[in-house]
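All remarks here apply to the structure that follows.
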Amino acid sequence: MTAILERRESESLWGRFCNWITSTENRLYIGWFGVLMIPTLLTATSVFIIAFIAAPPVDIDGIREPVSGSLLYGNNIISGAIIPTSAAIGLHFYPIWEAASVDEWLYNGGPYELIVLHFLLGVACYMGREWELSFRLGMRPWIAVAYSAPVAAATAVFLIYPIGQGSFSDGMPLGISGTFNFMIVFQAEHNILMHPFHMLGVAGVFGGSLFSAMHGSLVTSSLIRETTENESANEGYRFGQEEETYNIVAAHGYFGRLIFQYASFNNSRSLHFFLAAWPVVGIWFTALGISTMAFNLNGFNFNQSVVDSQGRVINTWADIINRANLGMEVMHERNAHNFPLDLAAMEAPSVNG
């Protein structure tokens, strides 16, 4: 009998740990995905903060011209960034122990790769943790599905794009002005504004903002009055109440008359699915667009597509954008190459007499 009790005790230690990890009674749900999420996100966050404050300049282009990104090296919150790993490293896995010294690792931008890889693993686990908690509570899995959109976008700019371009130095810098620089260079090299998937992403983000504002304002305008004129309307709601807090019939009637009848949802469930799906699908397409442009399947090129009867070019806005792209391409990485890639790739004129 004693032996049986001891075996149960030894089994229960692991069992208690499993129950604690997967318990929905904890103040914050951990879950098995959380076991990996917590250390990876803590690592990414810690290294980001330290590097943003104190990292030395990084030779991002691999031409012995380091770029400063940290606060202690002259930057402010706007101009500061974690500089991407050097082009000299390319796509090589570059942990600290692969460098000859910590100084070399910092000079070649090792912190960027460390932060990005831990961050992507962490947010993927966060998405898995959302699904896991939904599963434990008997909920549907759509919260994790919605979160997959920003996860896909982050993976596209931090991992897929560098893979397609052949170097982590082409990844998005971790900072405000660095993000803007990434966007400008991306437009110059890939003409993203003329890519249909980017257009769908813009429609998703702006449309989602519009629909969110419309829904919130309609609900707020059709609340069922539960308070006096001297009280806040918000005091009329009690958490967990069974009664509707707004009149969906009134909201439906208002919006149907404002635009037309079938523009208004008469089903609350389909309405909220639409509100979730619109921006999520748009951001999915944007991430897919970044991932295709990573391998140089670029936006539409309508340059010099309109000519008159004499064959002379009539400039369109596409030509104006192309001129701006060339200018931006000339100005970035000025010392890394002498000509924009589009011009450098042109066939050389014949010099034969």
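The backbone N, Cα and C atoms fix where each Cβ goes, glycine too.
Under the heading chlorophyll a ChlzD1 binding site, Swiss-Prot lists HIS118. The secondary structure of HIS118 (chlorophyll a ChlzD1 binding site), as reduced to three states from DSSP, is helical. Taking Cβ-Cβ distances under 8 Å and a sequence separation of 6 or more, the neighbours of HIS118 (chlorophyll a ChlzD1 binding site) in its chain are THR40, LEU41, THR43, ALA44, VAL47.
Non-local neighbourhood of TYR126 (pheophytin a binding site): PHE33, MET37, LEU41, TYR147, each in the same chain, at least six residues away, with C-beta under 8 Å from its C-beta. For TYR126, the entry in Swiss-Prot reads pheophytin a binding site, with the evidence type sequence analysis.
Residues within less than 8 Å, Cβ to Cβ, of GLU333 ([CaMn4O5] cluster binding site) and separated from it by at least 6 positions along the same chain comprise ASP61. Under the heading [CaMn4O5] cluster binding site, Swiss-Prot lists ASP170, GLU189, HIS332, GLU333, ASP342, ALA344, citing sequence analysis as support.
The chlorophyll a PD1 binding site annotation in Swiss-Prot covers HIS198, and the record cites sequence analysis as its basis. Counted within 10 Å of its Cβ, the other Cβ atoms near HIS198 (chlorophyll a PD1 binding site) come to 22, all protein chains included.
Marked as Fe cation binding site by Swiss-Prot: HIS215, HIS272. In sequence order, LEU271, LEU275 are the residues near HIS215 (Fe cation binding site), counting only same-chain partners six or more apart with C-beta under 8 A.
As annotated by Swiss-Prot, quinone binding site applies to HIS215, SER264, PHE265.
Among the features that Swiss-Prot reports, N-acetylthreonine is placed at THR2, with the record citing sequence analysis.
For THR2, the entry in Swiss-Prot reads phosphothreonine.
According to Swiss-Prot, the feature transmembrane segment maps to 29-46 (among others).
Annotation source Swiss-Prot lists transmembrane segment at 118-133 (among others), citing sequence analysis. Within the same chain, residues 22, 24, 29, 31-34, 36-37, 40-41, 43-44, 47, 139, 141, 143-144, 147-148, 150-151, 154-155, 158-159 sit at least 6 positions outside the transmembrane segment (118-133) and bring their C-beta atoms closer than 8 Å to a C-beta of that stretch.
The feature transmembrane segment is assigned by Swiss-Prot to 142-156 (among others).
As annotated by Swiss-Prot, transmembrane segment applies to 197-218 (among others).
Tertiary proximity for the transmembrane segment (274-288) is limited to same-chain residues at least six positions away from its ends with a CB under 8 Å from its CB atoms, namely 142, 145-146, 148-150, 152-153, 155-156, 197-198, 200-205, 207-208, 211-212, 215, 265. Look at Swiss-Prot and you will find 274-288 (among others) tagged as transmembrane segment.
All chains included, 13 other C-beta atoms sit within 10 angstroms of the C-beta of HIS272 (Fe cation binding site). The Cβ of ASP170 ([CaMn4O5] cluster binding site) has PRO84, TYR161, PRO162 as same-chain neighbours under 8 Å, each 6 or more residues away in sequence. GLU189 ([CaMn4O5] cluster binding site): 20 other CB atoms within 10 A of its CB, across all protein chains. Listed in chain order, the extra residues whose Cβ falls within 8 Å of the Cβ center of the quinone site residues HIS215, SER264, PHE265 are MET214, LEU218, ALA251, HIS252, PHE255, ALA263, LEU271. According to DSSP, HIS198 (chlorophyll a PD1 binding site) sits within a helical segment. The DSSP secondary structure for PHE265 (quinone binding site) is coil.
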